[in-house]
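Copied over from TrEMBL, here are the features:
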type: DISULFID; residues: Cys149-Cys185; note: disulfide bond
type: DOMAIN; residues: 28-172; note: domain 'Lysosome-associated membrane glycoprotein 2-like luminal'
type: DOMAIN; residues: 219-359; note: domain 'Lysosome-associated membrane glycoprotein 2-like luminal'
type: SIGNAL; residues: 1-24; note: signal peptide
Amino acid sequence: MRLLSPVTGSKLVLLFLFLGAVRSDALKLNLTDSKGTCLYAEWEMNFTITYEALKVNETVTITVPDKVTYNGSSCGDDKNGAKIMIQYGSTLSWAVNFTKEASQYFINNITLSYNTNDTKTFPGAVPKGILTVIIPVGSQLPLGVIFKCSSVLTFNLSPVVQHYWGIHLQAFVQNGTVSKHEQVCKEDKTATTVAPIIHTTVPSPTTTLTPTSIPVPTPTVGNYTISNGNATCLLATMGLQLNITEEKVPFIFNINPAITNFTGSCQPQTAQLRLNNSQIKYLDFIFAVKNEKRFYLKEVNVNMYLANGSAFHVSNNNLSFWDAPLGSSYMCNKEQVVSVSRTFQINTFNLKVQPFNVTKGEYSTDVVSAPLAYLVPGEARRECWNPCNWSYRWQ
(Lines of atoms letter the chains of each structure in order from A; the text may use other names.)
(Lines give C-alpha, C1' and ligand atoms only; values in the text may rest on other atoms or scores of the structure.)
Protein backbone atom coordinates (compact mmCIF):
# COMPACT_ATOMS: atom_id res chain seq x y z
CA MET A 1 0.00 0.00 0.00
CA ARG A 2 1.48 3.30 -1.05
CA LEU A 3 1.66 6.01 1.60
CA LEU A 4 -0.01 9.38 1.12
CA SER A 5 0.36 12.69 2.88
CA PRO A 6 -2.76 13.97 4.60
CA VAL A 7 -5.04 16.22 2.59
CA THR A 8 -5.42 19.60 4.27
CA GLY A 9 -8.11 22.26 4.18
CA SER A 10 -11.59 22.68 5.61
CA LYS A 11 -13.26 22.54 2.22
CA LEU A 12 -15.37 20.24 0.13
CA VAL A 13 -13.03 19.70 -2.76
CA LEU A 14 -13.36 18.57 -6.36
CA LEU A 15 -10.09 16.80 -7.13
CA PHE A 16 -8.71 14.99 -10.12
CA LEU A 17 -7.63 12.41 -7.67
CA PHE A 18 -6.39 9.12 -6.39
CA LEU A 19 -3.55 6.75 -6.99
CA GLY A 20 -4.10 3.98 -9.46
CA ALA A 21 -2.86 1.57 -6.78
CA VAL A 22 -5.73 2.49 -4.48
CA ARG A 23 -8.67 2.67 -6.86
CA SER A 24 -11.90 1.43 -5.30
CA ASP A 25 -14.98 -0.14 -6.86
CA ALA A 26 -18.48 1.10 -6.30
CA LEU A 27 -20.36 -0.03 -3.23
CA LYS A 28 -24.00 -0.81 -3.81
CA LEU A 29 -26.80 -1.46 -1.33
CA ASN A 30 -30.45 -2.12 -2.13
CA LEU A 31 -32.48 -2.76 1.01
CA THR A 32 -36.01 -4.06 0.53
CA ASP A 33 -39.18 -4.54 2.53
CA SER A 34 -42.66 -5.83 1.68
CA LYS A 35 -43.25 -2.93 -0.74
CA GLY A 36 -39.94 -3.25 -2.60
CA THR A 37 -36.84 -1.07 -2.29
CA CYS A 38 -36.78 0.99 0.91
CA LEU A 39 -33.18 2.30 0.83
CA TYR A 40 -30.87 2.55 -2.17
CA ALA A 41 -27.24 3.65 -2.16
CA GLU A 42 -24.35 3.44 -4.58
CA TRP A 43 -21.06 5.23 -3.96
CA GLU A 44 -17.28 5.01 -3.77
CA MET A 45 -15.03 6.03 -0.90
CA ASN A 46 -11.56 5.79 0.57
CA PHE A 47 -9.86 6.98 3.74
CA THR A 48 -6.42 8.46 4.39
CA ILE A 49 -5.50 7.75 8.01
CA THR A 50 -2.54 9.10 9.96
CA TYR A 51 -1.62 6.79 12.83
CA GLU A 52 0.96 6.65 15.57
CA ALA A 53 3.90 4.36 14.79
CA LEU A 54 6.84 3.40 16.97
CA LYS A 55 9.13 6.18 15.73
CA VAL A 56 7.11 8.62 13.61
CA ASN A 57 3.52 9.05 12.51
CA GLU A 58 2.65 7.11 9.37
CA THR A 59 -0.10 7.66 6.81
CA VAL A 60 -1.98 5.01 4.88
CA THR A 61 -4.87 5.11 2.42
CA ILE A 62 -7.49 2.39 2.83
CA THR A 63 -9.57 1.56 -0.19
CA VAL A 64 -12.94 0.04 0.56
CA PRO A 65 -13.60 -2.77 -1.95
CA ASP A 66 -17.02 -3.72 -3.25
CA LYS A 67 -16.95 -6.98 -1.28
CA VAL A 68 -18.01 -5.91 2.20
CA THR A 69 -20.79 -6.87 4.59
CA TYR A 70 -23.73 -4.65 5.43
CA ASN A 71 -24.76 -6.13 8.77
CA GLY A 72 -26.96 -3.78 10.80
CA SER A 73 -28.22 -1.74 7.84
CA SER A 74 -31.91 -0.91 8.06
CA CYS A 75 -34.64 0.97 6.16
CA GLY A 76 -36.12 2.90 9.07
CA ASP A 77 -39.64 4.30 9.24
CA ASP A 78 -41.56 7.26 10.63
CA LYS A 79 -40.39 6.46 14.18
CA ASN A 80 -36.96 4.92 13.60
CA GLY A 81 -34.05 6.26 11.58
CA ALA A 82 -32.49 4.47 8.64
CA LYS A 83 -28.83 3.49 8.56
CA ILE A 84 -26.17 1.98 6.37
CA MET A 85 -23.50 -0.07 8.11
CA ILE A 86 -20.44 -1.58 6.46
CA GLN A 87 -17.85 -4.02 7.80
CA TYR A 88 -14.52 -4.57 6.05
CA GLY A 89 -13.21 -7.59 7.93
CA SER A 90 -11.86 -6.71 11.36
CA THR A 91 -10.00 -3.68 10.01
CA LEU A 92 -12.73 -1.15 9.42
CA SER A 93 -16.41 -0.42 9.99
CA TRP A 94 -18.38 2.50 8.63
CA ALA A 95 -21.89 3.80 9.20
CA VAL A 96 -24.16 6.67 8.23
CA ASN A 97 -27.56 7.33 9.78
CA PHE A 98 -30.65 9.13 8.50
CA THR A 99 -33.74 10.57 10.17
CA LYS A 100 -37.03 11.53 8.52
CA GLU A 101 -39.01 14.63 9.31
CA ALA A 102 -42.15 15.59 7.37
CA SER A 103 -41.29 15.72 3.65
CA GLN A 104 -37.52 15.68 4.15
CA TYR A 105 -34.80 13.56 5.67
CA PHE A 106 -31.41 14.32 7.18
CA ILE A 107 -27.99 12.75 6.76
CA ASN A 108 -26.90 13.02 10.37
CA ASN A 109 -23.49 11.53 11.14
CA ILE A 110 -20.82 9.47 9.43
CA THR A 111 -19.01 7.15 11.85
CA LEU A 112 -15.72 5.47 10.90
CA SER A 113 -13.95 2.95 13.16
CA TYR A 114 -10.59 1.37 12.34
CA ASN A 115 -8.43 -1.16 14.14
CA THR A 116 -4.76 -0.21 14.51
CA ASN A 117 -4.04 -3.70 15.83
CA ASP A 118 -4.22 -4.85 12.20
CA THR A 119 -0.49 -4.81 11.49
CA LYS A 120 -0.99 -5.62 7.81
CA THR A 121 -2.98 -2.43 7.23
CA PHE A 122 -1.16 -0.34 9.85
CA PRO A 123 2.45 -1.57 9.76
CA GLY A 124 4.50 -0.51 12.76
CA ALA A 125 1.51 1.04 14.50
CA VAL A 126 1.45 1.50 18.26
CA PRO A 127 -1.42 -0.88 19.06
CA LYS A 128 -4.37 1.13 20.31
CA GLY A 129 -7.21 -1.11 19.22
CA ILE A 130 -10.32 0.35 17.62
CA LEU A 131 -10.39 4.13 17.10
CA THR A 132 -13.50 6.05 16.01
CA VAL A 133 -14.03 9.33 14.14
CA ILE A 134 -17.51 10.89 13.89
CA ILE A 135 -18.32 13.47 11.19
CA PRO A 136 -21.48 15.51 11.85
CA VAL A 137 -22.97 16.06 8.36
CA GLY A 138 -26.38 17.64 8.87
CA SER A 139 -27.38 17.65 5.17
CA GLN A 140 -31.06 17.85 4.31
CA LEU A 141 -32.69 16.14 1.31
CA PRO A 142 -36.28 15.93 0.07
CA LEU A 143 -38.19 12.65 0.16
CA GLY A 144 -39.07 11.06 -3.17
CA VAL A 145 -35.88 12.23 -4.90
CA ILE A 146 -32.60 10.41 -5.58
CA PHE A 147 -29.52 12.42 -4.67
CA LYS A 148 -26.57 12.22 -7.08
CA CYS A 149 -23.04 13.59 -6.78
CA SER A 150 -20.18 12.58 -9.05
CA SER A 151 -17.77 15.16 -7.62
CA VAL A 152 -15.40 14.19 -4.83
CA LEU A 153 -16.56 15.32 -1.39
CA THR A 154 -13.77 15.54 1.15
CA PHE A 155 -14.24 15.57 4.92
CA ASN A 156 -11.10 16.21 6.94
CA LEU A 157 -11.29 15.56 10.66
CA SER A 158 -7.93 14.62 12.09
CA PRO A 159 -6.51 12.02 11.90
CA VAL A 160 -8.69 10.84 8.99
CA VAL A 161 -9.39 12.36 5.58
CA GLN A 162 -12.50 10.85 3.99
CA HIS A 163 -13.31 10.97 0.25
CA TYR A 164 -16.72 10.18 -1.29
CA TRP A 165 -17.77 10.31 -4.94
CA GLY A 166 -20.07 8.68 -7.48
CA ILE A 167 -22.96 8.96 -5.00
CA HIS A 168 -26.50 7.78 -5.78
CA LEU A 169 -28.63 7.87 -2.64
CA GLN A 170 -32.26 7.65 -1.67
CA ALA A 171 -33.27 6.87 1.89
CA PHE A 172 -36.89 6.26 2.93
CA VAL A 173 -37.84 5.20 -0.61
CA GLN A 174 -41.56 5.63 -1.16
CA ASN A 175 -43.81 2.98 -2.75
CA GLY A 176 -40.92 0.54 -3.13
CA THR A 177 -39.44 2.14 -6.27
CA VAL A 178 -36.32 4.29 -6.56
CA SER A 179 -37.30 7.74 -7.83
CA LYS A 180 -36.53 8.95 -11.34
CA HIS A 181 -36.45 12.51 -10.06
CA GLU A 182 -32.92 13.65 -9.28
CA GLN A 183 -31.29 16.25 -7.06
CA VAL A 184 -27.73 16.94 -8.17
CA CYS A 185 -25.18 18.28 -5.69
CA LYS A 186 -24.02 21.85 -6.13
CA GLU A 187 -20.47 20.62 -6.71
CA ASP A 188 -21.55 18.88 -9.90
CA LYS A 189 -23.38 21.98 -11.12
CA THR A 190 -20.28 24.16 -10.74
CA ALA A 191 -17.69 21.61 -11.82
CA THR A 192 -16.34 21.42 -15.34
CA THR A 193 -15.65 17.71 -14.91
CA VAL A 194 -18.15 15.65 -13.00
CA ALA A 195 -16.34 12.34 -12.54
CA PRO A 196 -13.03 11.62 -10.79
CA ILE A 197 -10.18 10.61 -13.08
CA ILE A 198 -7.65 8.05 -11.88
CA HIS A 199 -4.05 9.29 -11.92
CA THR A 200 -0.75 7.92 -10.69
CA THR A 201 0.00 11.22 -8.95
CA VAL A 202 -2.11 13.66 -7.00
CA PRO A 203 -2.57 16.92 -8.95
CA SER A 204 -3.65 20.13 -7.25
CA PRO A 205 -7.37 20.88 -6.87
CA THR A 206 -9.13 22.43 -9.86
CA THR A 207 -12.17 23.74 -8.03
CA THR A 208 -12.52 24.75 -4.40
CA LEU A 209 -15.92 24.92 -2.77
CA THR A 210 -16.80 26.23 0.64
CA PRO A 211 -18.08 24.11 3.51
CA THR A 212 -21.42 25.87 3.01
CA SER A 213 -21.87 24.40 -0.48
CA ILE A 214 -24.28 21.84 0.99
CA PRO A 215 -27.38 23.62 2.35
CA VAL A 216 -27.31 23.70 6.13
CA PRO A 217 -30.67 22.86 7.73
CA THR A 218 -32.12 24.56 10.77
CA PRO A 219 -30.59 22.91 13.85
CA THR A 220 -32.55 20.55 16.04
CA VAL A 221 -33.77 22.12 19.28
CA GLY A 222 -32.23 20.66 22.43
CA ASN A 223 -33.41 20.77 26.03
CA TYR A 224 -30.79 21.26 28.75
CA THR A 225 -31.42 21.08 32.50
CA ILE A 226 -28.83 21.75 35.21
CA SER A 227 -29.44 20.83 38.84
CA ASN A 228 -27.90 21.96 42.10
CA GLY A 229 -28.39 19.01 44.41
CA ASN A 230 -31.95 17.82 43.92
CA ALA A 231 -33.26 21.15 42.63
CA THR A 232 -33.23 22.36 39.04
CA CYS A 233 -31.33 25.64 38.80
CA LEU A 234 -30.94 26.27 35.06
CA LEU A 235 -33.21 25.56 32.10
CA ALA A 236 -32.29 26.08 28.44
CA THR A 237 -34.10 25.16 25.24
CA MET A 238 -32.51 26.11 21.91
CA GLY A 239 -31.31 25.06 18.50
CA LEU A 240 -27.67 26.04 18.02
CA GLN A 241 -25.77 26.78 14.82
CA LEU A 242 -22.11 27.77 15.06
CA ASN A 243 -20.68 30.10 12.41
CA ILE A 244 -16.90 30.36 12.12
CA THR A 245 -15.15 32.71 9.71
CA GLU A 246 -11.55 32.32 10.83
CA GLU A 247 -10.59 31.25 7.33
CA LYS A 248 -11.49 32.86 4.02
CA VAL A 249 -14.76 30.96 3.86
CA PRO A 250 -17.33 30.34 6.61
CA PHE A 251 -17.69 27.02 8.39
CA ILE A 252 -21.20 26.29 9.67
CA PHE A 253 -21.87 23.58 12.21
CA ASN A 254 -25.22 22.51 13.67
CA ILE A 255 -25.19 21.05 17.17
CA ASN A 256 -27.11 17.79 17.34
CA PRO A 257 -28.56 17.41 20.86
CA ALA A 258 -28.86 13.63 20.42
CA ILE A 259 -25.07 13.23 20.40
CA THR A 260 -24.16 16.17 22.63
CA ASN A 261 -23.40 15.95 26.35
CA PHE A 262 -24.02 18.79 28.77
CA THR A 263 -23.02 19.76 32.29
CA GLY A 264 -23.13 22.94 34.30
CA SER A 265 -23.21 24.63 37.67
CA CYS A 266 -25.19 27.28 39.53
CA GLN A 267 -23.90 29.90 41.95
CA PRO A 268 -25.74 32.83 43.54
CA GLN A 269 -24.32 35.31 41.01
CA THR A 270 -23.38 33.09 38.05
CA ALA A 271 -24.62 30.02 36.21
CA GLN A 272 -22.91 27.90 33.56
CA LEU A 273 -24.11 25.57 30.81
CA ARG A 274 -21.38 23.54 29.06
CA LEU A 275 -21.92 21.45 25.93
CA ASN A 276 -19.49 18.98 24.39
CA ASN A 277 -19.39 16.24 21.76
CA SER A 278 -16.89 14.52 19.47
CA GLN A 279 -16.07 17.78 17.67
CA ILE A 280 -16.63 20.33 20.43
CA LYS A 281 -14.34 20.05 23.46
CA TYR A 282 -16.52 22.59 25.22
CA LEU A 283 -19.01 25.35 24.48
CA ASP A 284 -19.76 27.41 27.58
CA PHE A 285 -22.67 29.76 28.18
CA ILE A 286 -22.09 31.75 31.38
CA PHE A 287 -24.86 33.87 32.85
CA ALA A 288 -24.52 36.57 35.49
CA VAL A 289 -26.74 38.63 37.78
CA LYS A 290 -26.84 42.39 37.18
CA ASN A 291 -27.85 44.90 39.88
CA GLU A 292 -29.40 42.07 41.91
CA LYS A 293 -32.48 42.34 39.67
CA ARG A 294 -31.65 41.00 36.23
CA PHE A 295 -29.72 38.24 34.50
CA TYR A 296 -27.94 38.21 31.13
CA LEU A 297 -25.54 36.13 29.03
CA LYS A 298 -22.15 37.50 30.06
CA GLU A 299 -19.64 35.07 28.59
CA VAL A 300 -19.20 32.46 25.85
CA ASN A 301 -16.19 30.18 25.52
CA VAL A 302 -15.65 27.65 22.74
CA ASN A 303 -12.92 25.12 21.99
CA MET A 304 -13.58 22.81 19.05
CA TYR A 305 -12.08 21.11 16.00
CA LEU A 306 -12.70 22.41 12.50
CA ALA A 307 -13.24 20.20 9.45
CA ASN A 308 -9.51 20.32 8.64
CA GLY A 309 -8.64 19.01 12.10
CA SER A 310 -7.26 22.30 13.40
CA ALA A 311 -8.30 23.61 16.81
CA PHE A 312 -10.48 26.71 17.12
CA HIS A 313 -11.04 28.55 20.39
CA VAL A 314 -12.60 31.89 21.29
CA SER A 315 -13.56 33.48 24.61
CA ASN A 316 -15.50 36.66 25.35
CA ASN A 317 -16.47 37.58 28.92
CA ASN A 318 -17.88 40.99 28.07
CA LEU A 319 -21.16 40.13 26.36
CA SER A 320 -24.64 41.46 27.09
CA PHE A 321 -27.30 39.24 25.52
CA TRP A 322 -30.56 37.66 26.69
CA ASP A 323 -31.27 40.28 29.37
CA ALA A 324 -34.31 39.64 31.58
CA PRO A 325 -35.51 40.10 35.18
CA LEU A 326 -34.61 37.47 37.74
CA GLY A 327 -37.41 34.98 38.16
CA SER A 328 -38.47 35.23 34.51
CA SER A 329 -37.31 33.43 31.39
CA TYR A 330 -35.92 34.94 28.21
CA MET A 331 -37.42 33.67 24.95
CA CYS A 332 -37.03 34.20 21.22
CA ASN A 333 -38.69 31.79 18.77
CA LYS A 334 -37.05 33.33 15.72
CA GLU A 335 -33.42 33.22 14.70
CA GLN A 336 -31.12 35.31 16.88
CA VAL A 337 -27.43 36.01 16.38
CA VAL A 338 -24.98 36.13 19.29
CA SER A 339 -21.77 37.74 18.02
CA VAL A 340 -19.00 36.40 20.23
CA SER A 341 -16.05 37.68 18.20
CA ARG A 342 -15.11 38.81 14.72
CA THR A 343 -14.64 35.16 13.70
CA PHE A 344 -17.34 33.42 15.72
CA GLN A 345 -21.07 33.81 16.13
CA ILE A 346 -23.88 31.59 17.37
CA ASN A 347 -27.27 31.51 15.69
CA THR A 348 -30.02 30.39 18.05
CA PHE A 349 -33.46 29.06 17.13
CA ASN A 350 -36.52 28.67 19.37
CA LEU A 351 -34.50 29.98 22.29
CA LYS A 352 -35.72 29.92 25.88
CA VAL A 353 -33.46 30.22 28.94
CA GLN A 354 -33.84 30.68 32.67
CA PRO A 355 -30.54 30.43 34.55
CA PHE A 356 -31.75 31.61 37.98
CA ASN A 357 -34.72 31.25 40.34
CA VAL A 358 -36.18 28.15 38.71
CA THR A 359 -39.21 26.88 40.65
CA LYS A 360 -40.38 23.25 40.60
CA GLY A 361 -38.13 22.47 37.65
CA GLU A 362 -40.25 24.54 35.25
CA TYR A 363 -39.88 27.76 33.31
CA SER A 364 -41.43 30.83 34.86
CA THR A 365 -44.69 31.97 33.34
CA ASP A 366 -43.21 35.46 33.21
CA VAL A 367 -41.46 35.68 29.84
CA VAL A 368 -39.22 38.34 28.33
CA SER A 369 -39.20 38.13 24.54
CA ALA A 370 -36.71 39.88 22.28
CA PRO A 371 -36.11 42.28 20.74
CA LEU A 372 -38.93 44.37 22.24
CA ALA A 373 -38.59 42.92 25.71
CA TYR A 374 -41.89 42.60 27.48
CA LEU A 375 -43.42 40.65 30.33
CA VAL A 376 -46.37 38.38 29.75
CA PRO A 377 -47.73 37.32 33.15
CA GLY A 378 -49.47 33.97 33.04
CA GLU A 379 -48.15 33.02 29.60
CA ALA A 380 -45.33 30.57 28.98
CA ARG A 381 -44.92 31.31 25.27
CA ARG A 382 -45.05 34.43 23.11
CA GLU A 383 -43.74 34.89 19.58
CA CYS A 384 -41.09 37.57 19.10
CA TRP A 385 -42.47 40.66 17.44
CA ASN A 386 -39.51 41.00 15.09
CA PRO A 387 -36.54 38.82 14.06
CA CYS A 388 -34.30 38.64 17.11
CA ASN A 389 -31.05 39.61 15.46
CA TRP A 390 -30.02 42.05 18.14
CA SER A 391 -30.19 42.22 21.90
CA TYR A 392 -32.61 44.59 23.62
CA ARG A 393 -31.09 46.02 26.79
CA TRP A 394 -33.24 47.51 29.51
CA GLN A 395 -31.86 50.80 30.79
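Note that Cβ sites are derived from N, Cα and C of the backbone, with glycine treated the same way.
Predicted automatically and left uncurated, TrEMBL annotations should be read as such.
Because the structure is a prediction, the values reported are computed rather than measured.
Cβ neighbour count for Cys185 (disulfide bond) (all protein chains, 10 Å cutoff from its Cβ): 21.
Helix, strand and coil counts under DSSP for the domain 'Lysosome-associated membrane glycoprotein 2-like luminal' (219-359) come to 3 helix, 93 strand, 45 coil. Broken down with DSSP, the domain 'Lysosome-associated membrane glycoprotein 2-like luminal' (28-172) shows 0 helix, 96 strand, 49 coil.
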